[in-house]
Amino acid sequence: MPSPSYNRHIIIASCFCCLLIFSSAARVPKASKKHLARVKQLLNDEAERHNTLIQSDSVTVFDDIQRNPNTGVHHDELAVNNADEYFQGDVDLSEQQVKIIEDQFTQGKREKRKIGRNPLYKKWDTRGPISFDYAESIPFQTRQKIRSAMLLWQQHTCLRFEEGGPNVDRLEFFDGGGCSSFVGRVGGTQGISISTPGCDVVGIISHEIGHALGIFHEQARPDQERHIAINYNNIPLSRWNNFQAVGENHAETYNLPYDTGSVMHYGPYGFASDPYTPTIRTLERVQQSTIGQRAGPSFLDYQAINMAYGCTESCADLPCLRNGYTHPNNCSMCACPEGLSGRYCEQVYPSNAQCGGVIFATKEVKYITSPNYPDKFPIDTECNWIIAAPIEGRVFMEFEGDFDFLCEDTCDKAYVEVKYHSDKRLTGARYCCSLLPKNRFISFKNEMIIIMRGYRSSGAGFKAKFWSNLGEPEGVSTPLPPTTAPLPEISETTQKPEPTTVQSTTTYTTAIPRRTAKKQFFTRKPITIPLTPLTSSSTTTESTTVSSTTQSTTWLPTEPSFATGETEITTASPTITLFPSLSTILPPINSLAGVLPSTQAPDIINSVLECGCGAWSEWQGECSQQCGGCGHRLRKRECKKEACRKEEKRPCNFSACPDGTNFLINNAEFHILWRGCCVGLFRSGDQCSALETESNPFFKIINSLLNIQDAKNNDTLIAKRMMRGEH
């Protein structure tokens, strides 16, 4: 006969299995509309008090901006959602989070945020991948886009995702009629609503995943008022809460700068009463068309997650240039801001057309243009330039001539971007549409980065002239900015040919296009590319009467080269770096400098294709239990591999069992009830629903019965039984 101790452990294990199964199967409920409305009213009241103090000073900054009637409306989550259903436009709150926020108002602790802090917002356990699933309401095409958005986060951070993984705390993508997510981990199965159509855009999905990982909206940072102004005169009073920041005691900015190019930033016309007047105005006027992009996470969005989850703590610090930092997926190279590449961000990112490169600015005016200017540039063009002045100089730039790109409120598909800040992590001023920018740009230091993108459309593009306030450097000089590690003196040998008249012919070398996630959903093996040395490659920089050629050797993947005909525009080959070589002062440069590392971030998203599984059957039979949320229905599929999941269960019959019912024994199942609900659920009226593990009173009792060794022994076994459907 089994001992009492043995029986006790069997009962405890059974209860724990029930807890795991049902806390993962039923999505965490959102706060009630009544409680959500109460929090919004508190925020509205505070916004009104704050606005009374500042409105007279800030309202004038909107007088000179009116929406171009020919501008297309930029699509984002706010265009899909009913604002009454969400906190800050697309954020779900649990009842516990609502209570904590209300308590903060009561206690007078109002701060601001970027990344969620405990106890209100929790981070995920990174000792393993984050488990996720899809509800039946998510179609196949949308699932592919969700995987693509996850790969963006996975390739640039240390976080990993696993489809159908075993964790109790997990994500479930479903169609809830809008685009929304909780912020951070809330415990159990938490939903991310991706409505189709409407939210099924990779950029919007990456925004909602960003929330789930713990990121708030960028415009709600503590330094908000130093970067943007809110036009409360153009926002209904009931929507003011969407522009307020929430406590610093709930969040951490990690001293990262404000980023107008964040995928988490509102667009300029969100919640506008008058659709032709913005609700958000960037104080740097040239950034107005930058805010609100939904192409994908920015460099600083990735860095925020890497810092929050300690992704580079196990790596040694590298002497990364231009505000790069050690790559979380490859400790031997740097993660580089947009437009830069190389092991230490010492190179310009390769372009995929006849454009880009590194060009020295002098007092003499030079030009760059989009490919084929003034004819149309090819669709999906990517160009990157570094314009460098002498070390103490500045770069000046102005646009002229025809200017033509796809026209939207936010420029995130086809545009030219000017990165003039000394901090190269910051997204620059973006311009699109057909109105020629009238600004003169001046770099903060001696470098300016120009980025041009032509996704989904074609147009004439741009022409820009640039120059420096100083002349050509005479001998040994480098435009490289100071690094985090001391560098020895750098020298360079330049061949100076005899003065001659320049022929207007430039030879280009095709560069490797930027890798994107859409063709790498389930790549598991490292990608390697054969390399060919390009010996003594040269680039010619035109001036009025003199040609100067700088020779260098660059390793790049083998690609054909081609020549262009005559052109009026000076440019440089995108594969040539005019900066001195760092090979003598730093470790050998990665032979794949300029593209993603050959040792790619491991892709551990499970693929139905790998398993060779067929379609799921319909849900079979009646629910195995009549009440309490304990029962389940079953569906099956055929798979080629035994290790793949062939059966799936989902809970059913969530009506509470009659009072006094303490357990259910039926259909070869045994379930313990807690107030009429299966363990892992809690009673709300006559229904059973999910409850966060940390708040579950029955879990606490179970936990107190287990000693430390019991927990260690049972943990893995229970998880395996769960996956086999043994409970």
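Glycine is no exception: its Cβ is also placed from the backbone N, Cα and C atoms.
The domain 'Peptidase M12A' feature in Swiss-Prot is assigned to 113-312. Residues or ranges marked as disulfide bond by Swiss-Prot on the basis of sequence analysis: C158-C311, C179-C199, C355-C383, C411-C432, C611-C644, C623-C652, C627-C657, C639-C644. Residues or ranges marked as Zn(2+) binding site in Swiss-Prot (evidence: sequence analysis): H207, H211, H217. The active site annotation in Swiss-Prot covers E208 and rests on sequence analysis. The annotation N-linked glycosylation site is assigned in Swiss-Prot to N330, N653, N714 on the grounds of sequence analysis. The domain 'CUB' annotation in Swiss-Prot covers 353-469 and rests on sequence analysis. Here Swiss-Prot flags 473-506, 532-561 as region 'Disordered'. Feature annotation from Swiss-Prot assigns compositional bias 'Low complexity' to 535-554. Residues or ranges marked as domain 'TSP type-1' in Swiss-Prot (evidence: sequence analysis): 610-658.
Rounded to a whole number, the distance between the Cα atoms of C179 (disulfide bond) and H211 (Zn(2+) binding site) is 11 Å.
Spatially close to N653 (N-linked glycosylation site) yet at least six residues away along the chain are C623, Q625, Q626, C627, G628, G629, C630, G631, judged by Cβ distances under 8 angstroms.
Across the domain 'Peptidase M12A' (113-312), the prediction's mean pLDDT works out to 91. Closest by Cα distance to H217 (Zn(2+) binding site), from the disulfide-bonded residues C179, C355, C411, C652, is C179. Excluding H207, H211, H217, which define the Zn(2+) site, the same chain contributes E77, D90, V91, S181, V183, E208, G210, I215, F216, V263, M264 within 8 Å (Cβ to the Cβ centroid), listed in sequence order. In the three-state DSSP scheme, H211 (Zn(2+) binding site) is classed as helix.
C355 (disulfide bond) sits 70 Å from C657 (disulfide bond), counting Cα to Cα. As a summary of secondary structure, the domain 'TSP type-1' (610-658) carries 2 helix, 14 strand, 33 coil according to DSSP.
C158 (disulfide bond) and C179 (disulfide bond) are 25 Å apart (CA-CA, integer value).
Annotated pair N330 (N-linked glycosylation site) and C158 (disulfide bond), C-alpha to C-alpha distance, rounded: 10 Å. Nearest by CA distance to C657 (disulfide bond), out of the disulfide-bonded residues C199, C311, C383, C432, is C199.
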